[in-house]
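Engineer: Before I ask anything, here is the structure I am working with.
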């Protein structure tokens, strides 16, 4: 059955951020992407207004095709590449918030989450990429930055480059019933939101700490690029600003710094608590010198190294990772309170 442009526009207006129009056009990957990002933060949804006719034409053309193009590589798209990197980082940040307590998180869960985010964007429309090679690039990059939140960025870039290198057109398949497609989308949505919802509802304090820690690490990436830092401030505050505008708040245009100050103070409070816990893990008092921190770290690493505790491997590994994390926190110079602003 041919797809109608008016129906597509109606679904775009009613449930665009949830991807209803993409579901109608058979673009399930795009629908899932919009479900997980709320229409690309709303910006992607608005920008689609002018692209809907081409989406409808593509869907109708796909119904009339008997076979997919063979031996033809899709053109390189800088926009798709940038979207892959951004969504890969987004998936990594969500995993860092909800799954970072897992054993071997930086080896298994993080590269898997980032790689799946990149593959989701690669599968939008009539294109796709190689599953094994893209995930392989993510898993090979992860150990290089083991234990550091900044690993999300190089993993996403490496996976995106690999996905672009192996891009191809999708093979034509027999259309599936809507119930099967909804079932598959529902499972994918639950797999993404389930761990995050569990962390938020059952371990609220730890989740808030992870959010603050992740946000702080994310902002630190842009400390050497003031313009990018300001852009990220704008993006982070955009949903809140839109909400205030829709609510008719008269102070919308005059309180930018007050909004950021509240967010900054929230993050900074958890960063202080994190340093205090790091001192406790290393058995030091607050304000210890770098030499004392390094000496305590070396002694504790020798005591709790898994190779020296074969009779209690799990406990030794947990202590060993805690010691490494505490040392990394205290090794970073403490930034002045205005450095993120």
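We number each residue from 1, going along the chain as drawn.
Cβ atoms are placed via backbone N, Cα and C, with glycine included.
Quick caveat, the model's predicted, so the values are computed rather than measured.
Per TrEMBL, the features are:
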DOMAIN    277-341  domain 'J'
TRANSMEM  6-25  transmembrane segment
TRANSMEM  32-52  transmembrane segment
TRANSMEM  79-98  transmembrane segment
TRANSMEM  105-124  transmembrane segment
TRANSMEM  144-161  transmembrane segment
TRANSMEM  182-201  transmembrane segment
TRANSMEM  221-240  transmembrane segment
Engineer: Six or more residues out from either end of the transmembrane segment (79-98), which same-chain residues have a Cβ under 8 Å from its Cβ atoms?
Structural biologist: 33, 37, 105, 109-110, 113-118, 120-122, 124, 127, 149, 151-153, 155-157, 159-161, 163-164, 192, 195-196, 198-199, 207, 210-211, 214, 218
Engineer: Counting CB pairs under 8 Å, which listed stretch among 32-52, 105-124, 182-201 touches the transmembrane segment (6-25) the most?
Structural biologist: 32-52
Engineer: Do we see three or more Cβ pairs under 8 Å linking the transmembrane segment (32-52) and the transmembrane segment (144-161), pairs being at least 6 apart in sequence?
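Structural biologist: They do not touch: fewer than three Cβ pairs between the two stretches lie under 8 Å.
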Engineer: Over the span of the domain 'J' (277-341), how high is the average pLDDT in this prediction?
Structural biologist: 79
Engineer: By DSSP assignment, list the helix, strand and coil residue numbers for the domain 'J' (277-341), in that order.
Structural biologist: 45 helix, 0 strand, 20 coil
Engineer: Who are the chain neighbours of the transmembrane segment (182-201) in space, where the CB to CB distance is under 8 Å and they lie at least 6 residues beyond its ends?
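Structural biologist: That would be 23, 28, 31-32, 35-36, 91, 94, 97-99, 207, 210.
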